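Among the features that TrEMBL reports, compositional bias 'Polar residues' is placed at 1-11. Positions annotated as compositional bias 'Low complexity' by TrEMBL: 24-37. As annotated by TrEMBL, compositional bias 'Pro residues' applies to 38-47. For 1-51, the entry in TrEMBL reads region 'Disordered'. As annotated by TrEMBL, transmembrane segment applies to 72-105, 126-146, 166-187, 235-259, 265-288, 309-331, 343-361, 382-405.
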Amino acid sequence: MQAETFTSTELASHPVETGFAEGVSSPEVSPEQFEQPPQQPSVPVVPPDQVQPGQLGPCPVPWRHPLRALAWAIRGLFGLASLLFLLAVIAAIPGVNFLALGYLLDVEGRLGRSGRFRDGFPLLRDAPRIGSLALGIYLWLLPLRLISGIAADAHLIDPGGRSDVFAHLALNIAWGVITIHLILALARGGSLPTFFRPLKNALWLRRQLASGRYLSDASQHVRSFLARLKIRQNFWLGVRGFGVAFIWLALPTALYAAVRRPEGGSVLVMLIGGVCLTVVLSWAPFLQARFATENRFRSGLQLREVRTLWRYAPWSWALATVIVYALALPLYLFKAFLLPPDAMWPITLIFVASIYPTRVMTGWAYHRACARKEAGKKPVYWLFRGLCSLLLMSVLGFYVFLLYFTQFISEAGRAVLFQHHALLLPVPF
C-alpha cells in the first residue's frame with residue numbers, strides 16, 4: 001500500500017489523521033515539526049545488528065549448528081592469533097609502529113561507539129588470510145632451509161665434489177619449484193589449502209587467464225583488501241593518539257624523572273611530579289578513548305567532559321583503569337636489557353597481547369558512561385564516587401611508586417619513564 005505524501009502547504013490545510021475515533025479532536029501539528037532534523041547524540045551510535053566490513057559475523061547457535069559453531073570458533077581463534085602476530089610485527093618496526101597504535105585506538109573507538117565486544121575485533125574476517133599467507137610461506141621455506149644447510153655442509157666437507165654439485169643442483173631446483181608454487185598459491189588468494197594444491201592452482205590460473213578477467217578481478221580484490229586495512233587512516237590515528245597522550249604525560253613525567261637521587265629540596269619536585277602523574281594517569285586512558293571515539297584531536301583535550309562522564313560509571317572506569325596499569329607494569333621487566341632487532345618482535349607480541357584487552361575494556365567503559373548519560377540516568381551518588389576515587393588513587397599511587405624504580409633496572413635509564421607503553425607505542429624499546 002503506497003503512503004500518501006503531503007507538501008508543507010497541504011499539511012497546513014488538511015486535517016491530520018491520528019487514528020482517534022470520529023468526533024475526538026486531534027492535536028494540531030505544524031509543518032515545521034515534520035521538517036525538524038532529528039537530534040544527533042553526542043557520541044556516534046552503531047546500529048545493534050550492523051556488521052562492519054572485515055568483522056567476523058555472529059556465532060551460530062551451538063546446539064542448532066554445532067559444526068558451524070566449531071568452525072566459527074576455530075576461525076575466530078586463528079584470526080585473533082594472526083591479528084596479534086601482524087600487530088607485533090608492525091609494532092617492532094620503528095616509525096611504522098604508529099600504525100599498530102592506530103589500530104589499537106581504532107579498536108577502542110569502535111567499542112566507544114557501539115559498546116559491543118564483538119566490535120573490538122575488526123579485521124577478524126581478513127586476519128586468517130594474513131595468517132595463512134605467513135604460515136604457508138613459512139612451511140614451504142622449511143625445505144629450502146634444510147636443503148640449503150645440506151648444501152653448505154657438502155661444500156664445507158668436499159668443495160667442488162660430486163656431493164657438493166648435486167646438493168647445490170637440488171637446492172636450485174627446489175628453489176625454482178617452490179617459488180613457482182608459492183606464486184600460484186598467492187595468485188589464487190593465499191588461503192591455507194592453496195599451498196597444498198599445486199596442480200589445482202595451475203589449472204585454476206589457466207582458466208582465469210583464458211577468461212580474460214583475472215587481472216581486473218585480482219586488482220579489485222587487492223584494492224578492497226587494502227581499503228579494509230585502512231593503513232593511512234590508522235597510521236594518522238596513531239600519530240594523533242600518541243600526541244594526545246604525550247601532551248598530558250610529558251610535564252608530570254619530566255618532573256617525576258628530573259631527580260635521580262631524591263635528596264633535600266629535590267624530593268619536593270619529585271613528589272609534585274608523582275602526584276601530578278598519578279592524577280594524569282587516571283584520566284589519560286579515557287581522554288584517549290574520547291579522541292578515538294569521536295576521531296577529533298580536540299576531544300582528547302576535553303578534560304571537563306571526561307570528568308563529567310566519570311560520574312555516570314565510576315566503577316567501570318576504575319576497573320578498566322586498574323586493568324590497564326596492572327597489565328602494563330610487568331612489561332617493564334622486558335626493558336631490563338636491550339634486545340637485538342631480530343629478537344624484538346617475539347617480545348613485542350607479548351606487549352600487544354597484554355595491551356589489546358586494555359583498549360577493549362577502556363572503550364567499553366567509556367561507552368557505558370556515555371550510554372547512561374544519553375539515557376538520562378542520574379550520576380552515581382557522590383559518596384560512592386568519592387570512595388571509588390580514593391581506591392583508584394591509592395592503586396595508581398602504588399603504580400607510580402613502583403614506576404620510579406624501573407629506571408634503575410632498564411637499559412634505557414630514566415628514558416623508560418617517558419615510554420608509557422600502556423598509552424603510547426606498544427613496544428619494549
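Just so you know, glycine gets a Cβ as well, placed from its N, Cα and C.
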May I ask for the residues of the chain that lie six or more residues beyond the transmembrane segment (309-331) and have a Cβ under 8 Å from a Cβ within it?
281-282, 285-286, 350-351, 354-355, 357-358, 361-362, 364-366, 368-370, 372-373, 377, 379-380, 384-385, 388-389, 391-392, 395-396, 399, 402-403, 421-422, 428
Based on Cβ pairs under 8 Å, which of the stretches 72-105, 166-187, 265-288 lies most in contact with the transmembrane segment (126-146)?
72-105
Same-chain residues at least 6 beyond the ends of the transmembrane segment (382-405) whose Cβ lies under 8 Å from its Cβ atoms:
256, 270, 274, 277-279, 281-282, 310-311, 314-315, 318, 321-322, 325, 329, 332, 417
Can you work out which residues elsewhere in the same chain, 6+ from the ends of the transmembrane segment (235-259), have a Cβ less than 8 Å from its Cβ atoms?
97-106, 266-267, 269-270, 272-274, 276-277, 279-281, 283-284, 287-288, 291-292, 295, 297, 300-301, 400, 404, 407, 414, 417-418, 420, 423-425
